[in-house]
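> According to TrEMBL, the protein carries these features:
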| type | residues | note |
| --- | --- | --- |
| DOMAIN | 57-237 | domain 'ABC transmembrane type-1' |
| TRANSMEM | 61-85 | transmembrane segment |
| TRANSMEM | 97-117 | transmembrane segment |
| TRANSMEM | 123-145 | transmembrane segment |
| TRANSMEM | 166-188 | transmembrane segment |
| TRANSMEM | 219-241 | transmembrane segment |
Amino acid sequence: MKNSSRFEFSVLGVLLLFVVWFVVSKLVSSDLVFPGPEKVLLHSYRLLVEGKLLGPVGLTFLRAFFGMGLALLMGTILGFLMGLSERIYLLLQPLNMAIRSVPIVSWLSTVILAWGIGWRGVVFIVFVSLLPIVTFNVCEGVRVVDKKLVEMAKVYSLPKWKIFRAIYMGSVWPFLLSSLKLSIGSMWKVAIVAEYLIGETGLGVQIMQAKFYVNTTEVFSYTVVAVAFGLILEALFSFLWERGSFEVHS
């Protein structure tokens, strides 16, 4: 499908969503339960003008991005080690699966006991949520490397850094990009949930406070902003991916 057609269908999808939202709000007929899109968007604009929007968005983004960065770094290292060594794979794979299976609520309880309320817990929750994804994908990318190709490179006495860059990174890169795409979609939601429960500032805290004061319109406003920002991040990544901005040149 052409890019123009895809854009048009995306716009139609958003418009359809707002139409359904508007109809449901009229059927419910209670702003306390389900405010309409016009009131939510107007309230979002007021929050922006009053300076109550950009600050929380920025703080949440920094924490989410920091946690994702740590997960990418640690996951890439662990993934390579597991992919290159069968013994390390057998040793760490059960741990990786266990981390992936632990509910976020359990991690939140541990974080509260260790650090209390604050930004460190939010970063850790994002990190531990994304680490298994990155580790698994990088490991799979290393394990599918053609061993005969590596042996041939060694026969021709290619430097190790060239073997790593041209062969291993060439194989791992698509897997790493896939995990990055998944991480961008997840980090934002995980960070907001963590802030809601253990944060001091950020979008999650703003949603929690609005809920505490039974301000449903404000809850919807911050939620719409969170969804919009998450979609923008994913769309930006997809745009760069399609443009070939992440290609590896050997």
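Our numbering is plain: 1 for the first residue shown, then up by one each step along the chain.
Backbone N, Cα and C define each Cβ position, glycine as well.
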> Of the listed stretches 61-85, 123-145, 166-188, 219-241, which one has the most C-beta pairs under 8 A with the transmembrane segment (97-117)?
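Between the stretches 61-85, 123-145, 166-188, 219-241, 123-145 has the largest tally.
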> In the same chain, which residue numbers or ranges, 6 or more beyond the ends of the transmembrane segment (123-145), come under 8 angstroms Cβ to Cβ?
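Sequence-distant neighbours of the transmembrane segment (123-145): 63-64, 66-68, 70-72, 74-76, 78-80, 82-84, 89, 92, 96-97, 99-100, 102, 104, 107-108, 111, 115, 167-168, 171-176, 178-179, 182-183, 186-187, 190-191, 193-194, 198.
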